[in-house]
Amino acid sequence: VVGGDECNINEHRSLVAIFNSTGFFCSGILLNQEWVLTASHCDSTNFQMK
């Protein structure tokens, strides 16, 4: 993000952090109760969704 501003922790409740066994992996946006939209570079078979 270029020129972005910090936000409060509850300001964007649809933001998702994806972690793998080594820590933070990628981020995404919660579309509904089942789906998270991420960038294509977040695709990996090295993690399991819970």
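Even glycines carry a Cβ here, placed using N, Cα and C.
Model, not experiment: these values are computed from the prediction.
Candidates considered were C7, C42. The record in Swiss-Prot pairs C26 in a disulfide bond with C42.
On the 0 to 100 pLDDT scale, the model's mean across the domain 'Peptidase S1' (1-50) is 81.
Neighbour counts were taken at the CB atom with a 10 A radius for the recorded positions N20, C26, H41, C42; the maximum falls on C26.
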